[in-house]
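These notes concern the structure reproduced below.
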């Protein structure tokens, strides 16, 4: 693969005791493109995600993120909150993790924590209520408002996040991740539990994030209608190793991919083959 | 509990007569097993030294019947008056009256607080009691930052109260520093100890965190008892200077306030001054907390209580966020401690036992975690109510305990369980307590 990768994963290893969850995985995600990571259940996709977003420390290998300005960061050396704060990688979770007792708007305000902390002079200026802080807070609310509008939740801004329907919660989590103004957005099964109409809306949202914000997207997905429709590049994993990669078209016709899905889960194999015909 | 499964939980709750009966039967059975030997059989040493015993099955039966009936009553009360089905059972006019009262309760309480010394000028007992209540309001508001907002269970809060009190007492008696110089120092020192406590407990959650904070509270108390050369050990520190009104002492000397104003001296002056002092300090705590909640740090505290993993994914430094919560709460505890020392004029380790931590924590939980008004109401109920039952002598604790249990059955999330959002676009609507999490450490 050529071009201008934003994320380069090089011989990534992840061991849990004797179990090798990810074995020498290498792939790259192009800048301003949507890259999908697919594979049968237990293939190690979420483990890769957790390594990229700093929740696990890889046992070996390198993960490099190169920003637009040429700055390059080794993600495997950062951990925890620094991945989001310094490397500008945002993520969502397979089982939604919103702040259920806070409103949708508050959820998006929390996402702008680091920018607002600077603006509030590490709380001192904010405590005094200086105009510069009020200005920054207003801008933050405007950013949150625009994202609520983008995901169609503007009229539910003041409702508790935990009270929103499932599909809305999924979109709110994406909006929250985008409020951190990331360079790379990692989505863990964004279409899980959505109906056909909702996942159609999700496709449009993700495409607009790529086209308008220029954010690169890496996603794990089981819903082949989402993967095949919006991905620019697909990486297929099975048992912790990469078995294929390429455009959705080439991956769909790859016999190894079909075999992996057939061997693992009949339903998913049929889904892959049907969307291929 | 995940966000989606939180909502319909009470629909699935069993509520039929059979369920209540079954529950009551189980309670009665447990009571029977428990009391059959304790109450049913009584043993005593006979006149010849042998063991004699007799049975009291009547008493036992009465007790089991009471438990059976009581269980049914409690369960019925829970279903009729509890938060479940509250809307259908409370009539609309009552609801609107309650919401009206709710809106004006806080301002009314504030005005009343300002007028207390005027109304009760001659009643020293009431003034003393209100100063005590306000001290606990302040402590409750301080602990509310740690427990209510950040969701970190702290059972050793009294340690910071002690640090504040001893800071003022030792600085004032050894170096002759005035109250107004020592007050910020006491706060800073307490905050410093808050950070020191914070570091080892950062990785702990829930029960483990509670145990370490509990131990920390005891460590501070034991150090105070045993470091005799500095703290005077169990004898405490006496002769702590009384606060001055910006340099003017409140005594009957020639330079005292009364002499300067040309009015007759009365010890009540000092009491009134102390009252307004603690009122101002408590209100400052409240103001700062309300401000902090609307700043990124306050939102991060609440987000931490809701979901720590999500916080990390959003680039929030959970370490510093937790430490600032500990430090802020500890600082307010330190202020309150300095006030306590100057009010009493004498402090000893006996004032800083686990009992105090438990009391302050009970105030925060009873008030509704995170709610400022709820904490103030709870402090009033706990401290004031406890005094109210003074006439009941040995039954005081019993009645008080029953009242607390009933309150928790009626309002499991505290007096004011719902959460007010910190920012809104159109509607400022409260968030139901079912959705707000308690935090997990």
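Note: Cβ is positioned from N, Cα and C throughout, glycine not excepted.
Bear in mind that TrEMBL entries carry predicted annotations, made automatically and left uncurated.
Not measured: the values here are computed from a predicted model.
What TrEMBL records for this protein:
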- B:20-39: transmembrane segment (TRANSMEM)
- B:60-81: transmembrane segment (TRANSMEM)
- B:101-121: transmembrane segment (TRANSMEM)
- B:133-163: transmembrane segment (TRANSMEM)
- B:175-196: transmembrane segment (TRANSMEM)
- B:208-227: transmembrane segment (TRANSMEM)
- B:271-290: transmembrane segment (TRANSMEM)
- B:358-383: transmembrane segment (TRANSMEM)
- B:395-410: transmembrane segment (TRANSMEM)
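Taking every listed stretch (B:20-39, B:133-163, B:208-227, B:395-410) in turn, the largest tally of C-beta pairs under 8 A with the transmembrane segment (B:271-290) is reached by B:133-163. Using a cut-off of 8 Å between Cβ atoms, the transmembrane segment (B:133-163) and the transmembrane segment (B:60-81) share fewer than three residue pairs, counting only pairs 6 or more apart in sequence.
Only residues 6 or more beyond the boundaries of the transmembrane segment (B:60-81), in the same chain, are considered here, and those with a CB under 8 A from a CB of the stretch are 15, 20-21, 23-25, 27-28, 30-32, 35-36, 39-40, 89, 409-410.
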